[in-house]
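*Asks:* Can you keep this structure in mind? I'll have questions shortly.
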Amino acid sequence: MPAAAGDGLGESPSRFLAGEKPPVQLAESFLPACVSSVSRETLRTFQHTKRVGSYLIGRKLGEGSFAKVREGLHVGTGEKVAIKVIDKKKAKKDTYVTKNLRREGQIQQMIRHPNITQLLDILETENSYYLVMELCTGGNLMHKIYERKRIEEHEARKYIRQLILAVEHLHRAGVVHRDLKIENLLLDENNNIKLIDFGLSNCAGILGYTDPFSTQCGSPAYAAPELLARKKYGPKVDVWSIGVNMYAMLTGTLPFTVEPFSLRALYQKMVDKDMNPLPTHLSPAAISFLRSLLEPDPLKRPNIQQALANRWLNDNYHGKGLHTYPNRIHLEDLSQSVVLHMSEKLGYKHSDVINVILSNRACHTLAVYFLLNRKLENYLLNMRKPDINDNVCHKNQFHQLEKYKMNKNSYEERRSKDLEKRGEQQQQQQRAMQRKLEKCSPSHRQSNCLTPQGHISKGPVKERRSSKSERESFGGLSPFHEVRITKPGCMTSCSLEYLEMQSPDPRTPKIMRRQDSHSQETVNVNMGSRIRETHLNVVRSFESVNREDQIESLSPNHQYRVLGSPVSFSPRHSSERILSPIFQFDNTSPIKGHSNQASFTYDDKSSPSSPESMSPTSPHSPHSPSCNNNISGNLGSPNCVRSRGRFPMMGIGQMLRKRNQVVSPKAEKPLETRMPALHQMSPGYASFNSSDMNGFC
């Protein structure tokens, strides 16, 4: 709504005054959008009767003989304020009001304290004065006493202590209030005391409450005896008034009352200490402190500093020393984000903004700064953030420090708790991983290939595939890969360390007999019904990074066939390696001169060597005479089994090069022609023929 006629003001920027619509969206360079802007809904829904300057005048909060208190809204910030409207015509009729009307503004310009209301702006029109103050949303303390009948002692202690702190600040500044009463005590949103009305004692009842104190409300009911006697007085008159307020909080009544009302009778009752009875539920310390405040003799009455040091007043406030608040804002305490926003975005002169804030002079500039700063603090408090993440002002470092004043401690505590929680979670994950590894580790230790010879059955061996857990136990390598017995009770693992042998678990699958008629041929041996054909399945594993180390399907052509049972292997040196079956052997026969004979064949169509390539006349053929003589005569030859550990074995690079040689394969001979001759052997012992390994090592 437009401003009423005659209610214009020239303090604010021109764009706040001209036009029907106030600015809605302000710049967001220095402040968050929710702080610098005002929603249209807020302006539209605020009920008001008129506009004066940058303020919308709303509902009435209280009313007195010549003044009214109304709720207002600042259109530039969207913040609510309290506006005291004083009628000029009625005020001129009262000489005391006319004399001291400007005194309140001068006093509040000198005073700055958290328990004293801040005067923000003063407007004057043809018919009225407008005093703009911060709005105390907690209401009046008188209203709280009406609702509860009285206030509990612990809560009254808090209010009295805050009131004494505010009065002590006034006395240090040389200001005596002289009109301290329940009606002048307001509560903010945090339930803290706010002291109002300086120099306008006759306006004590502007909030319009009708209460039991109405017959004796005002200065006489709260005034000290020296004031009623019109004697010289000092700051201790405020100490007496504090005692009356304390009595009213604890009991809901006044300490001195007379019927009918008479100033002479009231004064006499004060001098005689004829106080109304106190409730029995009050503590002796509270009663003693109350009586000391209501001492009629000013010389015996404590001053404000002595009252502040009382034991009852400081109960539950140990370690909280008296904090002195400066009456002026220091330059380093300024909110630089708000100052820069006002100077660069709202059109205020930077030097004027600084001077007004430091001098605490009530005007529109101070009101804009105060309201924006309060809005910013509430935003940071609600968001629980130590700093503004978006639209941070980088021109001055002071604003960076001020954002951490409220939430630095809470942020550090929350961060330390998060770090501790993360550390506990990581430890739990590590423990779970260790337990998982411990559960998975026995799987490769108790595999079939590592079972001792005594546990291997004498029948045909059944093909077995490794499970997924076994394949992953060595990073993708099969647990059957190049593991051999080195000494009794130990085995060599792929990690080149000795692991103690454990007896297999009863549930560990054992090698079963293979019943595949297509992959095996029946062999007639004259060794009794207990001797049967035994097949040992060996997995081909080439240690190549380009080939996945997976368990291949075993075929009849890819196996060693060892004749004779049981099989006995002599222990080998730890430096020996079991080579992967690369070469193809056929047409092998027992070597003369060896009593213990064992024949084996290895069929692999994928081998690069063909059966014909291994001719008896070749130097690598097991039937070569030179080979036989060398084996039988020279035991130090690397081809000899007994001296194999003394010579270097074939490396994996040589094996791969031999495997990759391109040899034109020839047609294979029938299986019957490649079958070795069967020889009867002792059932209790079988060994390898050393000549069969010639050329392989």
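Keep in mind that glycine also has a Cβ here, set from the backbone N, Cα and C atoms.
Under the heading ATP binding site, Swiss-Prot lists L61, G62, E63, G64, S65, F66, A67, K68, V69, K84. Annotation source Swiss-Prot lists active site, proton acceptor at D179. Annotation comment: Swiss-Prot describes 586-600, 627-637 as compositional bias 'Polar residues'. The feature compositional bias 'Low complexity' is assigned by Swiss-Prot to 607-626.
Explain the structural surroundings of these features, please.
*Replies:* In the shown protein chains, 15 other C-beta atoms lie within 10 A of the C-beta of E63 (ATP binding site).
According to DSSP, D179 (active site, proton acceptor) sits in a coil region rather than a helix or strand. Other Cβ atoms within 10 Å of the Cβ of D179 (active site, proton acceptor), summed over all protein chains shown, number 22.
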*Asks:* Reduce the DSSP letter at A67 (ATP binding site) to three states and note it down.
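*Replies:* Assignment for A67 (ATP binding site) reads strand.
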*Asks:* Give me the count of other Cβ atoms within 10 A of the Cβ belonging to V69 (ATP binding site).
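*Replies:* Other Cβ atoms within 10 Å of V69 (ATP binding site): 22.
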